[in-house]
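What follows is a set of notes on a single structure, which appears directly below.
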Amino acid sequence: MSKGLFITAIGTDIGKTYVTGLLVKRLRDAGVNAGYYKAALSGAEEQPDGTWLPGDAAFVAKTVNIPEKPENLVSYIYKEAVSPHLAALREGNPVEMEKIEADYQASLAKYDYVTMEGSGGIICPIRWDEEHILLEDIIKKLDLGVLVISNAALGSINNCVLTISYLKQKNIPVRGIILNNYDGSNFMQADNKRMMEEITAVPVLACVPPNASELDIDVEVLKGLYK
């Protein structure tokens with residue numbers, strides 16, 4: 001039976017897509033039939049032929065050599081680099097939960113392990129007109145656990161704890177934390193890691209140093225995060 005895992009971050013530009021690529025790569029390098037899916041992407045990149053490339057999906061597909069076109073890995077692709085709900089309002093293409101469900105199930109039919117990347121941080125409106133959809137609604141609808149991507153920079157304790165507290169308040173399972181751009185020799189970052197774990201009671205499962213091309217995590221531990 002195929003399984004999925006949702007990836008969120010403590011904010012924008014934390015490296016969620018980068019770490020997601022490393023996660024999927026770790027699985028595929030171990031011979032696991034692993035795929036990638038994203039519900040909504042804003043800030044697509046215009047190509048010379050006039051098409052719009054979903055950059056996040058393109059990065060992951062290239063990183064892990066997924067044999068699919070990037071545009072087939074994302075349900076909704078928006079041009080403007082704003083929150084998906086605003087891009088959808090401006091472009092007249094609102095997210096439909098039924099399409100997300102169908103596309104996610106189609107991904108599960110092709111892959112044994114599907115890594116679903118979120119948009120921005122956890123409190124991200126996906127649709128906000130006569131219907132309201134937040135990322136948490138999608139996570140609950142698809143019955144997914146969440147892996148939180150953080151960094152260990154100044155202020156990260158607050159942002160990480162708030163993200164995890166929100167997820168717990170919404171009764172969404174938190175599978176763990178991965179720290180990106182981590183420098184273990186830095187005393188502040190090392191202490192931030194310790195404090196995140198102690199305050200949230202959620203383990204840091206891996207630390208990704210700057211410019212890493214591999215994720216240092218046991219494959220069986222990683223597979224165990226998926227449901």
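Backbone N, Cα and C define each Cβ position, glycine as well.
Here TrEMBL flags ASP13, ILE14, GLY15, LYS16, THR17, TYR18, ASP56, GLU117, GLY118, SER119, GLY120, ASN180, ASN181 as ATP binding site. Less than 8 angstroms from the CB of THR17 (ATP binding site) sit ASP56, PHE59, VAL60, GLU117, each of them six or more residues away in the same chain. THR17 (ATP binding site) falls within a helix when secondary structure is assigned with DSSP.
Look at TrEMBL and you will find THR17, ASP56, GLU117 tagged as Mg(2+) binding site.
In sequence order, PRO54, ASP56, ALA57, LEU73, VAL74, SER75, MET116, GLU117, GLY118, SER119 are the residues near LYS38 (active site), counting only same-chain partners six or more apart with C-beta under 8 A. Look at TrEMBL and you will find LYS38 tagged as active site.
Secondary structure from DSSP puts SER42 (substrate binding site) in coil. Sequence annotations record features per position, and here TrEMBL assigns substrate binding site to SER42.
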Neighbour count (Cβ, 10 Å) for GLY15 (ATP binding site): 19
Residue among the binding-site residues SER42, ASN181 whose Cβ has the most other Cβ atoms within 10 Å: SER42
Spatial separation of SER42 (substrate binding site) from GLY120 (ATP binding site) - C-alpha basis, Å: 10
SER42 (substrate binding site) and ASP13 (ATP binding site), distance between Cα atoms, whole Å: 14
Rounded Cα separation (Å) that holds between GLY15 (ATP binding site) and SER42 (substrate binding site): 16
All-chain count of other Cβ atoms within 10 Å of ASP56 (ATP binding site): 23
